[in-house]
């Protein structure tokens, strides 16, 4: 039981939950070990009778000559049941009968006494160690070391020769060989922290704090008030280090520490007195690992008689060696991508631990940042930062109810928060100087584009973009060394006035004496101008301004490139979506003057056989190489560095539509992160789509330290935002955006208060349409079934369990609003129509009325294209004898009749089972699907059924067209048949609907081009070129996803959006393909919406700026609640 007491006293600091003991500590006496009194009485008894125990009369322990009573006392303290005669003799002889020394030797692993065995091979070393200790004890008695405080300095030099003590002592000097021997064989686990001013050390005092330590020794007048205290860290034994797991070994290799977190303290005679509490010891030990921190202490109060576990009040003084190399090097380092994710996490964990302990120290010494001359007057509260600390005692209890899942799913950012983030970026961009247009650049640049060029050049050259003096980096804080420092004179400390400040990154724990410039040490940035402002032109102007490395940049390029990678010194790599490759190529050719500025597409069959040789030869290397994300991913998966995109160190890499890599775990993002480049740029109008983590992947591509480390990002951005500390997270992100991002919108004002760009007016109107009777029947049948399904799931509480089914029903309803033909491949069973007024056959019959087979109208029918030739056919109806024929219809045999007459004729023959029906004139059979109806085009391009106009056209009689197709065709005829035809862009999210529109355009003989995701890059390029340059092609049908971003379609000025999307921003992006820089005509936008359908209710959801798949600014639970409300709104529940 008494051994247990000793172990508790000696090893309690290893327990992380041990509370610190400060001056105001409320630790009561009864919180000490229960058997402490018994242990103290035993030790005190032995301390006061050491010599007597060594020579006590009584029964000896075997033949060893050791007193049995001494052995019993030793066993009672150590807790051992038995001890070998050999070991007892050795311990007793070496300790000279001093029970205190014997117990310390027994529990000190460096002596390896517990494993002593006279028959083992290792015993020789143990015997030698004990023999040497025995020889020393004969020269300097342990009794003198423990009791005679006036004659023990020389002896302590023998025990620990590294201590520089005075040699004025009456004790006989110890020879050098014994001193060296003792240096190896004494307490290796203790390393003294002597405060010795070495040649290059310059110590500066920063503060002090008080702490209540506790003793592990006992004695009378061992400490005095005001006495100097020495602090010693305990080394990790080899055995302890070997027990570490693989992960801990990696962390130790990063930390390079061979010390534990135990810190002992000794008196001025270097006699160990006790230990510091766990928290204080952990802080001091962790900071000491950095090499430039030093700690000294004095005794404030100690009992005259110290016992095991007695409280000792100390004052600890903190110093920094301002000449230490680690404090005088750049606080920024270039990020590399070679570190494995596990090692990166371990390194970040160690750095965060270092930061937490540093901030804890600052709170103890009441050290606050110096706000004078800083770029912010806002106070930085260290306690607030510690709320995200890894230290258990630093966590805020108010956040203790966060579940693991709640910390994994980051909440979305609301639009108001995005506006706050971008506001400062836009403000700083308005005051930028302008750069001159490059001489090789063929186009003129607007003023805001020249400002962007200046900003980008500054980013690549590493200079301050506003020309002002460097500012303190917003993540760093300046601290002032205390001027009036009161501490004992025996602490050697510099009082020079040259070093008045030091700098600390309160988010990472890094410390430096150098000024942390706000200009980061990376090359590149994020060009985030709003869509339509000409980001492509701005980047091309940068390429012409800085086409290659400058002379002083080449050594840096080779230093920062991956091993063995050649440098492509004059080539910029542009990575873009496949749909934009041709646009980049054409724009690059258009702006370049001279053949030496050539660009090349690296895609498909156009890829050169040897890209490395192509780009490293400066005489033939292209200025720009354009490739797709797909090609980059494909070569990344091959892991080949001998050829291809990953075989060189590029001068510049540009990611167009860079938000495509916002998922850091995607393979595309990892491919982009791995490419080697000197300058890195991201082009995106939406650097943050929904979540703050969207920005992280872009920052990792930029290799912007330290935020490209995900653990840092998560600790200081993601977790605070999730814990509702939104303002602090946004402040950090804003400080990052301020230096990385340039963003302007169409409403941004220049320095004169005028808009930076003036575009033609844009008119957006919603055209509400009404279903035909057949369409209404189809839609209502689907809506009724869908609504009953939703209601049943809401009542049963299984809505989210059947979420996919609900979304499928919504999809069918939206397709029914476009055209019933989209439902032709719908799987329908009889149970679906159990509650309806018609059967499956009737439902399919309704849909078949709208099915367009795509079969063209016969050419001999199309030849009847004039009013004169048409009137020759409709003189008199052969059925009703009306003259002329009313609502004429024409059969394949070119016999005409009234429309009503033909309908009755077909029904009559069906009743008589005459199938197929026979022509009313020549009695030839005909297919009722091959009946044609004329329409007439007026001079203004409108359609009419009257016999007026200049041109006759034909269409199928019984082929119904959806209400949206009828509305679209009516407007297209006006636009394409006018004296000056205008080009039109038609957007739809359904490619099958684009197929139907294409069939109608073909039947109308309207020239059109098509652009969607199913087409190859070459087909897309051809389609865009045809639409822009062919005067006979005035219509472009395009899918919302494939053509919603990046394209330049300013040749058109009319936009038709056939179906709404859940988010208005997606439609707005599509409109900006037309209403953008370069548009010279007013833009007219028409959005088709069918009344009394889900489309009309989708507009209300758009106005609320959130929906099922992406509710902004809500937790996962709140998103589900909001989704239920949206579904109820859609189905009018």
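Including glycine, each Cβ sits where the backbone N, Cα and C put it.
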370-391, 392-413, 414-435, 436-457 - the range that Swiss-Prot marks as region 'Disordered': 392-413
Phosphoserine per Swiss-Prot (candidates: 18, 330): 18
652-655, 656-659, 660-663 - the one Swiss-Prot records as motif 'DEGH box': 656-659
Range among 830-876, 877-923, 924-970 that Swiss-Prot annotates as zinc finger: 877-923
Listed in sequence order, residues not in 529, 530, 531, 532, 533, 534, 535, 536 with Cβ within 8 Å of the centre of the ATP site Cβ atoms: 538, 685, 1076, 1077
Largest tally of Cβ atoms lying within 10 Å of a Cβ, found at which of the binding-site residues 529, 530: 529
DSSP three-state assignment for residue 533 (ATP binding site): coil
Entry from the binding-site residues list 531, 533 having the most other CB atoms no farther than 10 A: 533
Cβ neighbours of residue 536 (ATP binding site) where a neighbour is any other Cβ within 10 Å: 23
Sequence-distant neighbours of residue 534 (ATP binding site) in its chain (C-beta under 8 A, six or more apart): 446, 449, 1076, 1077, 1078
